[in-house]
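Database features (TrEMBL):
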- 25-55: transmembrane segment (TRANSMEM)
- 67-87: transmembrane segment (TRANSMEM)
- 93-114: transmembrane segment (TRANSMEM)
- 126-146: transmembrane segment (TRANSMEM)
- 166-184: transmembrane segment (TRANSMEM)
- 191-211: transmembrane segment (TRANSMEM)
- 217-235: transmembrane segment (TRANSMEM)
Amino acid sequence: MTNETTMPWYQHLTADWRDWPRASYFLMGFTIVFEIFLFATGHATIFSMIGAILGVATVNLITARKWLNGLTGLVSAIFIIVPGIIQSNYSDAFMQFVYIVVLDLPVIFSNSWLKNAEVKHFGKNVKLWLKWILLTIVVAVILASIESITKNPFGSGAWFLHSMRPWIDGPAAAIGIIGAVLSVKRYSDQYYWWTIQGLASMTLWINTAMTGHGSDWALAVSYTIYFLNDIIAFASSEWFHAKKH
């Protein structure tokens, strides 16, 4: 990986699309075709379509350990934040902002994430498992409770947040946020959080497509693909299997 740590950023724009697991190329191709179909048939907006395509590209780039994941992750997060706010999935929008700060910007401005480092494991450490599970629950309750505030706390009587699905959105975002923190801390157990988060966000965006403003299925499809990518990661990613990475 030493050649990639010294490669000029503009070379990554072409080089980082190579050397992926074969299944990742399949998922990427399927995503592009299906998301364009959804947009063409009125079942996706331009924001959700671009966000979904770049989001799937990002998780594939992460699996392949490519620098470009920081840039695609940043752009996809911006595009996903827009439908998140429109559909009142405020925790999901906040999660995307956390991804930008915690995951994307450090990758863009530093190569340290590519250097060999000890990969940590929870193993049989019950205290570690309880710590991160309880932290996930606490964050989920906080986010869902904030979204449940439906009246302006300043007394004007106007609607404040009026989220339609706080107890789906909040927990899904909490799992993703903690997964991001575990990724930064280099715990291989992050993949358990990503897998559960994929399932939770599938539920969130399928529910949103069925009950939200317009029939926007783009992110429901992309989160389904994220889940499939997590399965690929279990099988092929060095993060989960190797002692060093």
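Glycine too: its Cβ is placed from the backbone N, Cα and C atoms.
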Exercise for the section: Would you kindly check 67-87, 93-114, 126-146, 166-184, 191-211 and say which stretch has the most C-beta pairs under 8 angstroms to the transmembrane segment (25-55)? Expected result: 67-87
Handout entry: For the transmembrane segment (191-211), sequence-distant contacts whose Cβ falls under 8 Å of one of its Cβ atoms, 6 or more beyond its ends
Key = 43, 87, 89, 92, 132, 136, 164-165, 168-169, 171-172, 175-176, 178-179, 182, 217, 219-220, 223-224, 226-227, 230-231, 233-234, 237, 239-240
